[in-house]
Amino acid sequence: MLNRVRSAVAHLVSSGGAPPPRPKSPDLPNSTSAPPADPPQAPRSPPARAGSGSAAPARTVESRASFCRPTFLQLSPGGLRRADDHAGRAVQSPPDTGRRLPWSTGYAEVINSGKSRHNEDQACCEVVYVEGRRSVSGAPREPSRGQGLCFYYWGLFDGHAGGRAAEMASRLLHRHIREQLKDLVEILQDPSPPPLCLPSTPGAPGSSDSSHLVGPQSCWSSQKEVTHESLVVGAIENAFQFMDEQMARERHGHQVEGGCCALVVVYLLGKVYVANAEPSLSGMEKSFQCPGSSPRRLSASVSRCLAYKKIELEDLRFPLVCGEGKKARMMATIGVTRGLGDHNLRVCSSTLPIKPFLSSFPEVRVYDLTQYEHCPDDVLVLGTDGLWDVTSDCEVAATVDRVLSAYEPNDPSRYTALAQALVLGARGTPRDRGWRLPNNKLGSGDDISVFVIPLGGPGSYS
């Protein structure tokens, strides 16, 4: 009887109590702060809800409520349930009606075949306005709408050990990039070479004196030249680091478990910046020095003789990366070397944190669109590993030629059709032994997300 009373009281408290407040992000302004306890509506499609007569346990309802997809898909509750169906694996794309994505970008995605409970990929596509924070001399000034910059932003985030890290990064990473660019607005608009350094704090003693700026030809060699391009690259790199630090701070309050890989494209002032924080095990060094180790004796049986060898320094090294290809694992634990999150992850069978070996620092490559002429068939394809695991570059190029040739050059829907074709080609069709490609090889059982970005930019294909 007492146990039943206790259970009833616990149920009453758990169902009627308000959720604890979530901490705010201390390093971002209000527009980039972490969301309140209620699920945000702007960044995501509405979460799926259990039926009115459902008696599902609380854990199932909570998991379902946390499932969300990109807002630009404009999914209804019914559409969200179809997007979460592992058996049907229906391809999702933005509707033909309504506003199109910037540059008529194409997008398509499909859920995995049962690898995880929900789709752990996330995507973001935004046009972001950046207001300058201060003048080149460091003197504070009022923000002016006429002196800002706009950048175009695309991001794909592939979550692992849950989708919370990918969802958080899709909401906030572009805002961190905006914060990092605020100090560079006036410099990027000035065609003259930028200074080597800026005053650290607006309004600090001497900050309004332009003599405190180091000129571009002062003491550094030409190899250390600071360019507008390098400043933007640095802003993107810093944004990734701050995003990772925010995940570390808020992982408990927001239940941000696991981590995610990130693929981000920024178009600013005629240049495309592609930032990768993705799996890259092949180029990793194969060994590292084990700290705190000391020489010891090792015995082994060789040809019926007992051999002893004194351990030298080289013998204390053990592989940092084990396995090959998709089976490669860093520290025998995780299949990526770059990414965001994973602050709680420990090395397999130890208490050693994996984070010191997992970098949030992205590799950034720059492509100058102004140096080339582009036609409507020139596109940039972004995809999560659900696409690239089963599709080669040549196969993607063949699909691009085949699909785009079937549409008029000025038809904006051609890029969505191309994204859908790429996703369908990687997913395959359901058969008795799973999802199969036309050659009867296994299709991708992973989440698949694809952006197709026309390289001509806005208004170029009219």
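All positions are counted from 1 along the displayed chain.
Here the Cβ of each residue, glycine as well, is placed from N, Cα and C on the backbone.
As given in TrEMBL:
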- 36-46: compositional bias 'Pro residues' (COMPBIAS)
- 47-59: compositional bias 'Low complexity' (COMPBIAS)
- 104-455: domain 'PPM-type phosphatase' (DOMAIN)
- 1-63: region 'Disordered' (REGION)
- 78-103: region 'Disordered' (REGION)
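Under 8 Å from some Cβ of the region 'Disordered' (78-103) lie the Cβ atoms of residues 45-48, 67, 69, 72, 109-114, 118-119, 125-127, 152, 412-413, 416, 419-420, 423-424, 427, 430, 435, 453-454, 456-458, all in the same chain and six or more residues away from its ends. Mean pLDDT of the predicted structure over the domain 'PPM-type phosphatase' (104-455): 81. In terms of DSSP secondary structure, the region 'Disordered' (78-103) contains 8 helix, 1 strand, 17 coil.
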